[in-house]
Amino acid sequence: MGKVNEVLFMNRGEGEISYAQNSAFTQKVASMAMPALENAVETLFSKDFHLLQALTAADLGCAAGPNTFAVISTIKRMMEKKCRELYCQTLELQVYLNDLFGNDFNTLFKGLSSEVVGNKCEEVSCYVMGVPGSFHGRLFPRNSLHLVHSSYSVHWLTQAPKGLTSREGLALNKGKIYISKTSPPVVKEAYLSQFHEDFTMFLNARSQEVVPNGCMVLILHGRQSSDPSEMESCFTWELLAIAIAELVSQGLIDEDKLDTFNVPSYWPSLEEVKDIVERDGSFTIDHLEGFELDSLEMQENDKWVRGDKFAKMVRAFTEPIISNQFGHEIMDKLYDKFTHILVSDLEAELPKTTSIILVLSKIVG
């Protein structure tokens, strides 16, 4: 697999398997977390940030769907509300949209309508800029951000976990692409260690960029259980591994490619997130909660329609990194196989998806 920061991005464009057309679930997650963002803006104003001429915010891992537009609109709306309540001067809002270099910034900015940004004569003038690069390192000058938002991005890792091959060069997570019930303990330990390292790097970079008392609102894909091999946190990757294994058995994929591939993502528990933040010591935890949503739109009666929708959603965020390992030419067959395996499981109750909302304040001093 190539370097993660070169191959990790959502499916580009606006076609039927693009992220832009298959982000309904993450939109639902974002809407559930929107009160936390609204409260963060309220908190900033309570700390006299309304005295500033401009509020600077960043949406990290913004991708190219409509979610980031909702973030901008929410921040702007809350600023306008506080301006009217506090009779403060006209404010300016600077928003930086960040993602890795492979992100579809063209589709992103093409969708940035005047309805989102508004005009420069309103109570809050809004200016938007793109910032390509990895949020695991520094992106902005010191003490330049008042508010940081990130949704469904921080659980991605900078690389596949280290130490997943034996001294003899044998794969320790053979036949799997993520933590599973059959994975040896070293696999779980390696994933947690990599997440700890990467999330700590993220916090360290933001601690230098966020002003004292500034806020961060982070939404992560997570889990309720303390065991990362429970189906709630490995369901998607388990089905993908089964689909890949079937293509291996048909001679369409080299077995070694499966055995040496481990997804660079980790869905943490609330306790793990809390522990890392407290160990870092740069931020206080204002709010931490987990909530569950159905993985599929259960109001759709036809299981094939439901399965197809879920498969397209999964393909939208997994295909670039999966195709880099297994080849672009096999993707249609792989996700068709994934859909068939998924539909055969739809008779049973599927695990709900857990999301984590984490609100942090930069410690003064």
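Glycine residues also receive a Cβ, built from the backbone N, Cα and C atoms like all the rest.
Residues annotated as S-adenosyl-L-homocysteine binding site in Swiss-Prot, with similarity to another entry given as evidence: TYR19, CYS62, ASN67, ASP99, LEU100, SER134, PHE135. Annotation comment: Swiss-Prot describes THR26, TYR152, HIS155, TRP156, HIS221, PHE317 as caffeine binding site. For ASN173, ASP259, PHE261, ASN262, the entry in Swiss-Prot reads Mg(2+) binding site. Among the features that Swiss-Prot reports, site 'Involved in substrate discrimination' is placed at HIS149, HIS221, SER265, MET313, HIS328, with the record citing similarity to another entry.
Overlay of Swiss-Prot annotations on the structure.
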residue	record	Cβ contacts under 8 Å, 6 or more apart
ASN173	Mg(2+) binding site	LEU164, SER180, SER183, PRO184, VAL187, ASP259, ASN262
HIS221	caffeine binding site	TYR152, HIS155, SER265, TRP267, THR353, THR354, SER355, ILE356
HIS328	site 'Involved in substrate discrimination'	none
Taking just the CA atoms, what is the gap between PHE317 (caffeine binding site) and LEU100 (S-adenosyl-L-homocysteine binding site) in Å?
14
Among CYS62, LEU100, MET313, which are recorded positions, the residue with the most C-beta atoms within 10 angstroms of its C-beta:
CYS62
Maximum Cα-Cα separation in Å among residues THR26, TYR152, HIS155, TRP156, HIS221, PHE317, which the record lists as binding caffeine:
15
Neighbourhood of the caffeine site (THR26, TYR152, HIS155, TRP156, HIS221, PHE317): other residues with Cβ within 8 Å of the Cβ centroid, in order?
GLY61, SER151, SER153, LEU220, SER265
Other residues, Cβ within 8 Å of ASN173, ASP259, PHE261, ASN262 Cβ centroid (Mg(2+) site):
ALA160, LEU164, ALA171, LYS174, LYS176, ILE177, LEU258, THR260
Inter-residue C-alpha distance, MET313 (site 'Involved in substrate discrimination') and SER134 (S-adenosyl-L-homocysteine binding site) (nearest angstrom):
24
